[in-house]
Amino acid sequence: MLGLLVALLALGLAVFALLDVWYLVRLPCAVLRARLLQPRVRDLLAEQRFPGRVLPSDLDLLLHMNNARYLREADFARVAHLTRCGVLGALRELRAHTVLAASCARHRRSLRLLEPFEVRTRLLGWDDRAFYLEARFVSLRDGFVCALLRFRQHLLGTSPERVVQHLCQRRVEPPELPADLQHWISYNEASSQLLRMESGLSDVTKDQ
């Protein structure tokens with residue numbers, strides 16, 4: 001009996017050591033919460049809010065929220081956002097899927113232990129290959145935007161225009177992208193072209 005308990009304990013420790021268990025638990029929970037417990041959001045451009053709090057496991061050596069945690073929390077918020085507005089469901093019906101192709105983060109103020117915050121996510125627009133989303137980390141203590149993240153959500157197997165048309169049952173013109181986002185898109189394109197040249201690949205070879 002003792003041997004079995006030791007084996008189970010060792011197995012549990014190995015699972016936690018080799019897998020990001022809490023990520024694998026929280027991500028489906030975020031999807032289920034968005035799908036079953038929250039109302040559908042019909043406006044694709046509406047801002048959605050995802051609550052959070054800085055836990056001891058989120059801290060770095062300076063007792064601030066670790067920079068990597070911002071991307072992680074934004075991941076949960078973005079999946080919940082795409083679930084509530086129907087984009088993930090539409091992709092499933094169209095037999096397509098999406099991958100994160102690019103991201104950038106601007107940190108304005110640290111989030112500290114036990115500080116409550118919201119991740120406010122909104123769709124900024126789209127082009128012929130990807131959706132562009134923004135996530136703001138807002139402290140609930142004073143409303144300060146502590147971090148601003150941008151994401152390029154690339155679609156495989158379909159186009160953003162077709163997904164939006166599938167959801168709205170009509171053709172919808174994409175909103176004009178903010179100037180700073182357009183600069184970021186240009187940077188990504190220039191970076192892709194430079195990397196293709198360094199690798200000896202032709203312009204026909206596309207990345208995400």
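Cβ coordinates come from backbone N, Cα and C, glycine included.
Owing to the predicted nature of the structure, the values given are computational and were not obtained by experimental measurement.
Summarising the annotation, Swiss-Prot assigns signal peptide to 1-17.
For Ser199 (phosphoserine), the count of additional Cβ atoms within 10 Å of its Cβ stands at 8 [all protein chains shown]. Feature annotation from Swiss-Prot assigns phosphoserine to Ser199; the stated evidence is a large-scale study or a structure entry.
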Item checked: Assigned element (helix, strand, coil) containing Ser199 (phosphoserine), judged by DSSP -> helix
